[in-house]
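Here's what TrEMBL has on this protein:
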type	residues	note
DOMAIN	33-387	domain 'Amino acid transporter transmembrane'
TRANSMEM	39-60	transmembrane segment
TRANSMEM	67-88	transmembrane segment
TRANSMEM	177-194	transmembrane segment
TRANSMEM	214-238	transmembrane segment
TRANSMEM	250-272	transmembrane segment
TRANSMEM	292-312	transmembrane segment
TRANSMEM	333-353	transmembrane segment
TRANSMEM	359-382	transmembrane segment
TRANSMEM	432-453	transmembrane segment
Amino acid sequence: MTIVYGSINNKNGLITDDERDLLQENKPGYGTRSKTEGAFSLVNSTVGSGIIGLPFAIYLAGFWTAIILSITVAAISQLGLYMLVLSGQRSGTYKLATLMEHVMGRPGYHFLNFLVLIQAAGACVSYYIRDTIPVLLQLYFPDHPNLTQRSLTAYVNYLKKVLPLNLSRSLGALSKWSILSVLCLPVIIIALIWRAPTYAKSHDAPLHWQSPDIFGALGILAFAFACPHVCFSVYLSLKQQAIESWKMTTTLASIITWIVSISFAAIGYLSFGVDVQPNLFLNFPPNDLVVNIARFALGFSMILTIPMAFHPTREVVQKLLGFETAERQPNKIEHYVVTLMLFIIITTLGITIRSLGKVYALIGGFAATCLAYILPSIAYLITRRQPYSTIPIIDNDPSDDEITNIKVPWMIHQDSSSSTSSSITLDPIPKFGLLDVAAVFTLLWGVIVMIFATSGALK
């Protein structure tokens, strides 16, 4: 069954960039990005502040246990992304909150928004909790004390560099910045590999299976590998939106994420062993030039990663304020006001809160496990009886309605020279298969990890 979305019936047969940015936010068929760009957007969203805590997760789980757990968590997280989009195609819903309302009713809608606010806003705040750029300014510009004030540096830095990135409505516009952010990660890893032998000599790093706190490690791993809050945003930015295309995108993203994350984690643990801190960079002295290059690369990467968590946070707030509903999208004034106010709040929290000790385990143990494992499994199992999309397809002339009040995708048939449409092929759902078994396993896995990781973090 093939459904064609997104053709625009206007005088020129084209849409403006602003219109496409708005439509790409919640309508299939307007994507412009390749699978590789989509994969890098997922990697940029996933490999964020959580990577700093991965060496500590290896210590909590035991080296070899952590390696196996990281592979398992990465695979299950990728499966969750696949099941979410498949469920969205079945039900014709391309917003995470709308999908949860479809499968769980209004309580599911509110619960999902609550989880996304914890996960995305928590991740966004944690990106600011970084002793990176201020440390470098204090070391290399000692004659300028104003620059070394962490709060002042953060406000000026983020106002100039982060706020403009947060203003776009869709994540598709940020795909090139995501690639640049991901390219900073090899610089960090190479710098750590270079300096690791210097510090490894004075620290004990046993390579064993013993786990001081395996569920605490699972919470950190879940937080580090979870990005379901940007799932549909990245999916809708793709030019090819068939489910097989999404599978390739998520698989590539999962492989890159695992390689980068476990490389960073292993190097950090082998350098400091049982003395490793939840924030790895606190183990290094501030005057190590090579490590400071890694600090700068990390700070720059975090600046480009913040919008990946900011977008879903803003979406939740817009829903709570009634600016975004099934019938409308926020207008420009609402969009910019919410963006600015949320930016101020998150930046203030980020430069005020210092400790990362419980942030990773608590957010990962509760919000990330629900979002990455439990809810995708529930959505898949409930929508498995819906083998075809129920999206209403009508011809709609955008000149008759406000662009912010479109209820259905526009679809008309044009010749190849003027069409801006893309195709999605929805296949019949098998009566029973391996994916159904995987969904049940993922659901049970998520419940167990959530219970033990959350309880452990609260001790």
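Don't overthink the numbers, they just go from 1 along the chain as shown.
Placed from the backbone N, Cα and C atoms, the Cβ positions cover glycine too.
These numbers come from a predicted model, not from an experiment.
Beyond its flanks by at least six residues, the transmembrane segment (177-194) meets 37, 40-41, 43-45, 47, 165, 256, 260, 263-264, 267-268, 271, 290-291, 293-294, 297-298, 300-301, 304-305, 307-308 of its own chain at Cβ-Cβ distances under 8 Å. By the count of Cβ pairs under 8 Å, the stretch nearest in packing to the transmembrane segment (67-88) among 39-60, 292-312, 333-353, 432-453 is 432-453. Long-range contacts of the transmembrane segment (39-60) within the same chain, counting only residues at least 6 positions beyond its ends with a Cβ under 8 Å from a Cβ of the stretch, are 33, 66, 70, 81, 123, 126-127, 129-130, 171, 174-175, 177-179, 181-182, 185, 211-214, 216-217, 220-221, 223-227, 229-230, 234, 237, 249-250, 252-253, 256-257, 260-262, 264-269, 271-274, 276-281, 298, 302, 304-305, 308-309, 356, 360, 364.
Long-range contacts of the transmembrane segment (432-453) within the same chain, counting only residues at least 6 positions beyond its ends with a Cβ under 8 Å from a Cβ of the stretch, are 76, 79-80, 83, 215-216, 218-219, 222, 361, 364-366, 369-370, 372-374, 376-378, 380-381, 384.
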